Amino acid sequence: MMNYVKSLGTYNTRNMEKESSKDLVQNEDTPLPVQKISMSLFHEIVFVFIACTAQLMTQAGLGQSIAPNNIIGKSLGTTNPGQLSWFPASYSLTVGTFILIAGRLGDIYGHKKMFVLGYIWFCIWSLISGFSYYAKSVIMFDVCRALTGIAPAFLLPNALALLGRVYPPGKKKNLIFALFGATAPNGFLLGSVFSGIFAQLSWWPWTYWTTAIVCIVFAIIGYFAIPHIEADEVEEKQKFDYLGAFFGVSGLVLINFSWNQGPVVGWQVPYVYILLIIGFLSLVVFVLVEKRVVQPILAPSMMNSEMGCVLICVAAGWACFGIWMYYLWQFLENLRFATPLLVTAQLTPVGISGCAAALTTGYLLKRLKPTKIMVVSMIAFTVGTILIATAPIHQTYWAQTFVSIIVTPWGMDMSFPAATLMLSDFVPKQHQGIAASLVSTVVNYSISIGLGIAGTVETHLNHKGVDLIRGYRSAWYMGTGFGGLGVCVAILTVFASYLKVGQQKSPKFPLIMKNTKAV
């Protein structure tokens, strides 16, 4: 697929040379050249580092919701599995929901501004999340975590857009995007380690207060380290689609809320399925609005079949990952009776394996099409989940559990860079924020809604909480189904790419006649 992307870049460059006299505002699909930014080596290292912290802190925030999950729940007066799953789900919900809007705002007002504001917002709501301990309310904590999730929604797409605009397609860009992807498992591990230390040995609110301190430091570094990128004429004339934003966010929030609230109160409660229906209707209205507005949040012209298939794979794979991670933690704590710190230690290979996967992906992207890399990543998600789903409770950690922890990060760090690079190189410069948003939206939203679906399966099959292992295995089997779907779609995408190449090499007779007639 990388060759496909490069060929598209060559094709579009030729088009730019032919149509350079056209007005860029009227032809927004014309890719604009990457701005040349002069930076010293130290400045460039700091810039790449602060951009990668966006992914690091996003996944650290998820780790903070999962590692001390049971300790936080007990301090707030709940041990209900459905309510506990809301801790990570509420965070991932807003991360995935607001990314598209944040990317669009970055395109309009500047990616650097949105990036710095994202860290300031992260700081504020991390502070409040810690103080929610005094409210002794699960709902209060969930709301705080949901509002905290808006911050990574601003960080991720704008960080990726900044990298996409500073670096042209090439080896350096491939390496940087691979490093960006490598921070995902290490960010989760870092968040889990510190939250486990504070929750088990001190006091869990310090997890969030420490995060607030780190975020304000990153905001200051970002303000000085991120280079100034001049807005072009196209960006200055862009406007925000408020109507599309309203229906898009409403639809995504209501659908996700329904799926995650169903396991808590039961699907027989009227407001759960009513909100689900309203959510789907809102998304239908969103699609209709986007087709009619002049400057939509998600331009229909940006999408094609190849991109759609890749995004489906990402959604299926990361839904599988969210289920794998959450229930692995519950399995190790509740059935193998490990402490949060011991579980974190057992998950340490995730970071090492993730780095190896990211570097390998950066190497493979120069030699294989991203569609093939996507197949491998989906297989990694699926195999990792199958291994833990079939692991006996009293089996040694070094058997299936360890292998599962080694294999699964390859799904994370192969799928994210491949999908992000393809979209970043494909779309025009003024849509870099939206391109970055698409992958990040699908990743985080699928984690949240995947947990909701798995939670529904778990609560219906664990015999009202008596048979924990049956509920956990059922959730993992649901995750395996998601992973299998990703494998199938990825394989179909590979075949489709070969068919497309074959058709291009052997044009049919009617096409020749049509071109002859035009001449």
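First residue shown is number 1, and so on along the chain.
Every residue gets a Cβ built from N, Cα and C, even glycine.
For 37-57 (among others), the entry in Swiss-Prot reads transmembrane segment.
With a cut-off of 8 Å between Cβ atoms, the residues of this chain six or more beyond the transmembrane segment (82-102) that come close are 58, 61-62, 65-66, 69-70, 72-73, 114, 118, 138, 141-143, 145-150, 152-154, 156-158, 245, 248-249, 252-253, 256-257, 260, 263-265, 297-298, 322, 326, 433-434, 437-438, 440-448, 451-452, 455, 459. As annotated by Swiss-Prot, transmembrane segment applies to 82-102 (among others).
Annotated transmembrane segment per Swiss-Prot: 114-134 (among others), in sequence order, evidence recorded as sequence analysis.
Below 8 angstroms of C-beta separation, residues 34-35, 37, 47-48, 51-52, 54-55, 57-58, 61, 90-103, 105-107, 111-112, 114-115, 117-119, 121-122, 125-126, 128-129, 173, 176-177, 180, 215, 226-227, 229, 420, 424, 429, 432-437, 439-440, 444 of the same chain, each at least six residues beyond the ends of the transmembrane segment (146-166), sit close to that stretch. Feature annotation from Swiss-Prot assigns transmembrane segment to 146-166 (among others).
Annotation source Swiss-Prot lists transmembrane segment at 175-195 (among others), citing sequence analysis.
Here Swiss-Prot flags 240-260 (among others) as transmembrane segment.
Summarising the annotation, Swiss-Prot assigns transmembrane segment to 269-289 (among others) and lists sequence analysis as the type of evidence. Same-chain residues lying 6+ beyond the ends of the transmembrane segment (269-289) with a Cβ under 8 Å from its Cβ atoms: 241, 243-244, 247-248, 250-259, 261-262, 296.
Look at Swiss-Prot and you will find 309-329 (among others) tagged as transmembrane segment, backed by sequence analysis.
What Swiss-Prot lists as transmembrane segment is 337-357 (among others), and the listing cites sequence analysis.
If you look up Swiss-Prot, you'll see 373-393 (among others) marked as transmembrane segment, on the strength of sequence analysis.
Annotation comment: Swiss-Prot describes 402-422 (among others) as transmembrane segment, evidence class sequence analysis. Long-range Cβ contacts of the transmembrane segment (402-422) within its own chain (Cβ-Cβ under 8 Å, at least 6 residues beyond either end) map to 1-2, 5, 160, 173-174, 177-178, 180-182, 184-185, 307, 310-311, 313-314, 317-318, 320-321, 324, 328, 346-347, 349-351, 353-354, 357-358, 360-362, 365, 370, 373-374, 376-381, 383-385, 387-388, 391, 436, 439, 443, 483.
Among the features that Swiss-Prot reports, transmembrane segment is placed at 475-495 (among others). Only residues 6 or more beyond the boundaries of the transmembrane segment (475-495), in the same chain, are considered here, and those with a CB under 8 A from a CB of the stretch are 306, 309-310, 312-317, 319-324, 327, 369, 371-372, 374-375, 377-379, 381-382, 385-386, 388-389, 411, 450, 453-455, 457-458.
When the stretches 175-195, 240-260, 309-329, 337-357 are ranked by Cβ pairs under 8 Å to the transmembrane segment (37-57), first place goes to 175-195. Long-range contacts of the transmembrane segment (240-260) within the same chain: residues 85-86, 89-90, 93, 96-98, 100-101, 104-105, 108, 272-273, 275-276, 278-283, 285-286, 289-290, 293, 295-298, 445, 448-449, 451-453, 455-456, each at least 6 residues beyond the stretch ends and with a Cβ under 8 Å from a Cβ of the stretch. Remote same-chain partners of the transmembrane segment (373-393), defined as residues 6 or more beyond its termini with a Cβ less than 8 Å from a stretch Cβ, comprise 1, 310, 313, 316-317, 320-321, 323-324, 328, 331, 335-336, 361, 364-365, 399-401, 403-405, 407-412, 414-415, 418-419, 469, 473, 476-477, 479-480, 482-484, 486-487, 489-491, 493-494.
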